[in-house]
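Per TrEMBL, the features are as follows:
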- A:6-25: transmembrane segment (TRANSMEM)
- A:74-96: transmembrane segment (TRANSMEM)
- A:116-133: transmembrane segment (TRANSMEM)
- A:153-171: transmembrane segment (TRANSMEM)
- A:183-203: transmembrane segment (TRANSMEM)
- A:228-252: transmembrane segment (TRANSMEM)
- A:264-284: transmembrane segment (TRANSMEM)
- A:317-345: transmembrane segment (TRANSMEM)
- A:357-380: transmembrane segment (TRANSMEM)
- A:386-407: transmembrane segment (TRANSMEM)
- A:414-436: transmembrane segment (TRANSMEM)
- A:456-474: transmembrane segment (TRANSMEM)
Amino acid sequence: MNAAPGVVAVTLVTLATLLIGTWGLRFSRTTSDFFVASRSVHPRLNASAIGGEYLSAASFLGVAGLVLTFGADMLWYPVGWTAGYLVLLVLVAAPLRRSGAYTLPDFAEARLGSRGARAVCSLMVVAIGWLYLVPQFQGAGITLRSTLGAPSWVGPVTVGLVVLANVSSGGMRSITFVQAFQYWLKLTALLLPAMVLLAVWSADGSPRAVGGDSWSVPLAAGGGEGLYVTYSLILATFLGTMGLPHVVVRYYTNPDGRAARRTTLVVLALLGVFYLLPPLYGALGRVYAPELAASGRSDALVLELPRIMVDGPLGELLTGLVTAGAFAAFLSTSSGLSIAVAGVVGQDVIGRVGSRLGGVAAFRVGAVFAVTVPCVVALAAPNLGVARAVGLAFAMAASTFCPLLLLGIWWRRLTAAGAIAGLLAGGLGSAVAIAWTLATSEPEGWADTLMGQPAAWTVPLALATMVAVSLLTASRVPPGAGRFLVRLHTPETLELDRG
Amino acid sequence: MSDAGSPPERVRVSGPPRRRTPGARTSDIDAGTRLGGMYLGSLLREQLRLALGVLTLLTLLVGALPLAFHLWPGLAGVHLLGVPLPWWLLGVLVYPTLLALGWAYVRRAERNERDFAELMSEVER
C-alpha cells in the first residue's frame, strides 16, 4: 500500500491548520478574543466555521460506513444532525444570543442565579465534550491506520498534539478562520472524488448491488423494536444539537439575535449540501466494497473506496484528498470541543481553586486537561463505531441541556432546584445507558434496545423532573427571571430595561 | 455672510434625535406592571406558536416517515429513476425541505419582532 498520498495529505492539512491558526494569533490577545472572537465575526464566515466544526469524523467517515452496513435507516443520522439545527433555530437561536452569556454554564447562572446550577452544567459540558471527543480520536486512529499503516495510537496522539497547539495559541478567533477553511476543504474532499467515482460507476455500466430489500427501508430492523430505535435516534439528534458545547459557544460570536437566526439558516444550507455525499459513498461501497461491511471496517469505507475503484496515480490522488478531509474533520471538531471544555475547566475549575493564573493561562491549562483525558480514553476504550458513539453524546446532550434551554428560555417558572434535578436525572439516565451499552457485546431483548438508544426515555424523564421540581419549589423562582425573559425575546432595537 | 474681520457666526448643527423617548408601552414592561407582562406574554406566545407550528410541520413531513414505512413496507420498493424512494426522500429531498422551513420561520419571526417593536413605540395619547 502506498502511504505517500496519506502522509502528504495529513502533513498539508496540519500545516495549513497551524499556519492559519497562527495568523489568527495576531488578532487575539485578550480573553474575550480567545473565547468569543470579540463578537465581530461576519455571519457567512461564522456559518462556514460552524459547519466546519460540526462536521466531525462521524459525518465524514461514520455515515458512509453505516449506510454500507445497515442501509437506509442510517440516513437518520445525517438528517437528524441537520434537523437539529432547524430545531435550534426555531426554539433557541435568537434568545440564546440575546442572553449574552458565553457558555451553557453562564446561561444557567444568568437565568437561575445559582452557583449550584452552574457547577452541574460545567460537569455536563465536560462529560458531553469528552464523550464526543473520544470517537474523534478513535476515528483519527482508524484513518492513519488505513492510509499509512500506522499503529492505532499514532492517530489520536497526532490529532491531540495539533489540537492542543492550535487551541492554546489562538483561541476562538483563529479557530474561526481555520474552521471555515476546513468546511470547504471537507466539502471539496468528498465532492471531487464522488464525481470521479460516479463517472467510473457509470462507465462500468451502472452495476447494481445484489442483496436484500431491507437495505432500502429507512427503518431499523425488528418491527416494534426497530421503530423504537429509529424514533429514539431521531429524538436524540433533533434535540441534542442545541446542547452541544461547541455549538452553543459559536452563537455568542454573532452581533445580535437576528444575525444569529440568519447564520443558522446558512448553516442549514451548508450541512444539507455536505450530507448529500456520504450516502453516495455508502451506496457505491455496496457495489464495489461489500467485504468492508463484513470485516467490521466500514468506518474506513470513504478512505478505501477511491483506491478500490480507481487505479494508478488518480486513485492515489483521490485517496490523499479524502484523507485530508478526514483529518480536517477530526481536527476541526476536536478543536471546537476542546475549546468549549477548556473554557469551562479554565473558568469554573481553575478559577475557583484560587490559583494565581489569569484568564488566558487558565484556559491553556484547561486545554491540556481537556485534550489529554479523551486521548488516553480513546487509546484504551473499545471502538463502538464512530457515528454510534457520537449518537450517544447527542443523547446525553438531548437529555440534559435541551430541557434546560427549552424551559429556561420559554418558561418563567423554572427554578434552580428544578434545573439541577432535571440535569442530574437526564445525565445519570444517559450515563447509565451508555455504560450498559459499552458493557453489552451482543444486544438482544428490549432492555438492551432501550439502553442502546436511550433518548426516548431520558429526555422525557429530564423534562418531567425539571418541571415537577420547579413547581414544587415555586417559591424560589429567581427574582430576575421576568427581566431576563424580556432580554431574551425582545428585539435589541427596542429601548427596554434589560436588567 | 458675515463681514470680514468679525468672528463667524456660531451655527448649531444637529441631526435627527437619536434616542426615542420611550413610549408609554415600553415603560409598562420596564415597570413590570401587569399590562407590561401581558405585552411580553403576547410576544412570547406568538413566537412560541410560530416555533411549534414549524416543529409540527417538521414532524409531519419528516418525523412521520419511519411510521409510514412501518405501516406500508411496500413504499420502500417504489423506484424513481432506478433509485428507491427512501433514498430520494431521506437522502436528497429532506434537505431543501429543512431549509424551506427554516427560511419561512426566519421571515415570520422577524416580522413578529417588527410588529412588536412598532406596537411598543407607539406613544399613548
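A Cβ is built for glycine as well, from the same backbone N, Cα and C atoms used for every other residue.
Please treat TrEMBL annotations as automatic predictions, because they have not gone through curation.
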Under 8 angstroms for C-beta pairs, at least 3 of them, ignoring pairs fewer than 6 apart in sequence. Is the transmembrane segment (A:386-407) in contact with the transmembrane segment (A:414-436) by that rule? yes
The transmembrane segment (A:357-380) and the transmembrane segment (A:228-252) contact flag, 3+ Cβ pairs under 8 angstroms: no
For the transmembrane segment (A:183-203), which partner among A:116-133, A:264-284, A:414-436 gives the most CB pairs under 8 Å? A:264-284
Honestly, do the transmembrane segment (A:317-345) and the transmembrane segment (A:456-474) touch, with at least three Cβ pairs under 8 Å and pairs 6 or more apart in sequence? no
When counting Cβ pairs under 8 Å to the transmembrane segment (A:228-252), the leader among A:6-25, A:116-133, A:264-284, A:414-436: A:116-133
Looking only at residues six or more beyond either end of the transmembrane segment (A:6-25), which have a C-beta under 8 A from one in the stretch? 144, 147-148, 158, 162, 165-166, 169-170, 173-178, 181-182, 185, 319-321, 323-324, 327-328, 331
